[in-house]
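What TrEMBL annotates here:
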COMPBIAS  54-63  compositional bias 'Pro residues'
COMPBIAS  64-74  compositional bias 'Polar residues'
COMPBIAS  84-94  compositional bias 'Basic and acidic residues'
COMPBIAS  615-624  compositional bias 'Basic and acidic residues'
COMPBIAS  658-682  compositional bias 'Polar residues'
DOMAIN    214-256  domain 'B box-type'
DOMAIN    402-513  domain 'Fibronectin type-III'
REGION    54-112  region 'Disordered'
REGION    611-631  region 'Disordered'
REGION    653-682  region 'Disordered'
Amino acid sequence: MAPRFQLKSNVKSIECELHCPVCKEIVKQPVVLPCQHSVCLMCASEVLVQNGYPPPELPPEPNSPASTPNTRSPRQARRPMPSKADHRPIDRVLRSGFGTYPSPGRRRKEPPPPAMLFPCPPCGREVELGEKGLTDCLRNLTLERIVERYRHTVSLGSVAVMCQFCKPPQSLEATKGCADCQASFCNECFKLYHPWGTPRAQHEHVQPTLNFRPKVLSCPEHDQERLHFYCRTCQRLLCPLCKLRRVHAGHKVAPVAQAYQTLKDKITKEMNYILSNQETVLGQISQLESATTQTEANSVAAREQLSQSVRDLTALLAERHAALSQALEGARQRRGEALAGQVAERRSLLEHAGLMAFSQELLKETDPPCFVQAARQTHSRHFQLDVSKELKLLTDLQFIQAPLAPVIDTQKTLAYDQLFLCWRLPQESAPAWHFSVEFRRRGVVPGGGARGGIQGRLAAARWGWQRLEEVGGTSAVIDRLEMDSVYVLRVRGCNKAGFGEYSEEVYLHTPPAPVLNFYLDSRWGLHADRLVVSKEQRCARSVPGLSLMQAADRALTSCHLTADLLVGDVAITQGRHYWACSVEPGSYLVKVGVGLEAKLQDWFHLPQDMASPRYDPDSGHDSGAEDSLESPPSFSFLTMGMGKIFLPQAPNHHNNHGCNGTNPRRSPTIANGNSPASSPTGLTYPLPPRLGVCLDFEKGRVTFYDAHSLRPLWEGPVDCSGPVCPAFFFIGGGALQLQELVANRMADQTPVRRVTIQSRVTNLNN
């Protein structure tokens, strides 16, 4: 079975496998040890002699020109020379232990001689050779053939093989070799020693060589017996006679042809596996070499970078050293000047030593008038204390002052789901370490007005001031407040000097119902060419584009061509809810309100003509005769645009604008101020900054507020027989922004959306 892959390396690369582990040279006449390692026969005999064993009998080397005194191998000189006694066969057998029978004179009950132990260098342990020593070791003929091919490849055998039978000096180069005679001949000698018609003429002739091998392996114990079997248990070749021994009874013995095929297939398979992965290994070697090259390059670059960094650090240290030296010199000069001034001052005190001596003599005067006259003059001239510097320091001394009263920012302060209070300090105020926020609830009447007199004072006493201490910033959030209540708030700063003055009190009205948090929904789809919803789904903008221009080109009488609808992502089925939004003052027309979810969905899929006299979005329903006079409208909206808000009136004789006979309530506070522009159908007021909507589902009422002051603007009925949704209409260009929760505004990041859809009423007729 030939291998599928050809080995890419040549024969020269196997030299390391051909070395003898003892002499480290190419093996010569190798024998196989029981551990399956091969060593030179001569090296093995030398090792045994060094270990105290008698020298074994070695076969003579072939007589060839390579073994002449000039070219003889150095190992041939180390060959142990047998003594004269070794020429006797019986002595040689007794000394080497090669015989199969006991020595003469040895009794049968005596134990056999100890087996020879050979120290194998590759194994690192002693291998038992048996009683016969190296005689039991077979020659490795395959390794000899490989060595011969290797020598021929690398030209180690370039020395001509001379004929062994020509007499010098007329020796000719050998041209043939005889495997049976184990000698090399020239043409004439070959014909002379192998005459035609004789048995020698049938000898096998081979190429001339210096190392002849036997044709086949024969059993070392039984001459002329070929090795036809292989014992897998002992891992030894056996002849038919060895197979019959008790030693191999029960062993796994197979024909040598079968063992040959099995081992050859196994080695071929392993070779194929190795060769199949050779490309991968070579690629990995290339990658590793590239990595090594890159590592060297990176090392050079890193070394250069390190050198540059060291140079930069050295320059920086030198610069820093110069700066510190200069600063140290400046400090030394300043300190020296200060000390010099003090020394001069002290020396000036010593200059009055004469005055002190004069004063001592003056004290000896006993005449009072004379003493007073001289002492007064001396005191006025020399004993005056100069305190001008100290007076200047005391005059310029300033003490820390408490912060001034903060100024509350009414534009940013609001009451929604929580109270958000924002303030600032005046520019001339001292800084504050922290602030104290105080708030209390005022008593309110059901109509929303503040109580006065004794009731107001009692409510104030009941709801005393509550504080938020040590507020670090210029804003604060107050939660857990009562709904539909008025709260009074004030703030003051504090620093090392103590608390400052209170700010002016500000009044905030909390929403009349729990705040409903929702987002703009596009589950029914929207006109993407006219409506744009922000990523947070809290802002929407209507942009009249090319489609509106094309529609206007086909219309001559209508000024409102489209009405785009947006709804909230919640449906209300119970309770009271409040929300707020702001409309951009530059918007054309925007309608804000509520409506039945089913009706809004029908209107979205079948939009009505905005110019039709039968449709009025403010009344919330179609004014056809088929509608009942007692049913509330399905929609309720307020219209805003161009900086104004339109509040419809409710005349009893017009059902289109009277919401089917029920009188909507309009705030008298709004109606009586700001000089509203009246019309037969309603009043127009300035657009408030924020518009609040409160829906009472159980009562079927919706109320619109000025979200800034929480004053009611308009109130009307709405059909609550089904789920009701916040809704918004855009006519023309405009923008709308939903009021963001204070809790979300104050959070560091936008919280995860958590919207609870109210449970729908199972039986709408009930």
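Residue 1 is the first one shown; counting continues down the chain.
Backbone N, Cα and C atoms are what each Cβ position is placed from, and that goes for glycine too.
Automatic prediction, not curation, is the source of TrEMBL annotations.
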#### Entry: Residue numbers, six or more beyond the limits of the domain 'B box-type' (214-256), whose CB comes under 8 Å of its CB atoms
36, 100, 132, 135-139, 141, 179, 204, 262
### Task
Please spell out the DSSP helix, strand and coil residue counts for the domain 'Fibronectin type-III' (402-513).
10 helix, 47 strand, 55 coil
### Task
Take every residue in the domain 'B box-type' (214-256), average their pLDDT values, and give the whole-number result.
79
### Message
Is it possible to list how many residues within the domain 'B box-type' (214-256) are helical, extended or coil according to DSSP?
### Response
8 helix, 11 strand, 24 coil
